[in-house]
Amino acid sequence: MRSFVLRARAAPTTSKALLEGVGNEAHTEILAHTMMNTMFVAQSHREDVVVHFVLESTKDFSRTITIRSNDITNIGGFHESTLIAAVARALDASVGMGKEQLREVEPGITVRTVSFERLVQELAEDHQLYMLDKKGEFVRDAEIGGNPCFLLTDHIPMPKKSYNSLKRLGTEKISLGPKMLFASQCVVLIHNELDIREF
């Protein structure tokens, strides 16, 4: 199983603001692009992939939207507007939820009111965590564990205080090269590296 977490610090937790954020300061289109590149390949979708989007621009609780490739049925296509609409439906389903609650949105998609920190604590129990960092070990040289989870951010960097928490969870830093890439580009390179290794 390959898992990805995108910490979308600028992404709002209401569907209206999310949709308005496409192409604007929040850059919510990154969610659609990352979903497309984690889940889909030409004429098919990948098996055994999970992506978690943690949307943090909120007045109450962060929203963690989880999409499981093995369980999604008909998401309606894989162009940007369709994919961002799936995220918006999850946000609509989360209205009125209390802290640390979960709701199923549709097959393969759930929404939870949990923070990034809480999510990665849970994932660390049965995944090896990898954080992308230009100063990390080059991915071609890195040993990737059997149940990897890759941590990414939107255009707002990971807060420095998060690094110590992630380190305590055994997170390893890996690098995809000298250039700072979009999260949606990173997932393509990670998938390709693991595909080449016949993971």
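Cβ coordinates are placed from backbone N, Cα and C, and glycine is handled just like the others.
Summarising the annotation, Swiss-Prot assigns S-adenosyl-L-methionine binding site to LEU132, CYS186. In this view, LEU132 (S-adenosyl-L-methionine binding site) is surrounded by 22 other Cβ atoms within 10 Å of its Cβ, with every protein chain counted.
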For CYS186 (S-adenosyl-L-methionine binding site), list the number of other Cβ atoms lying within 10 Å of its Cβ atom.
21
Hey, does DSSP put LEU132 (S-adenosyl-L-methionine binding site) in a helix, a strand, or just coil?
strand
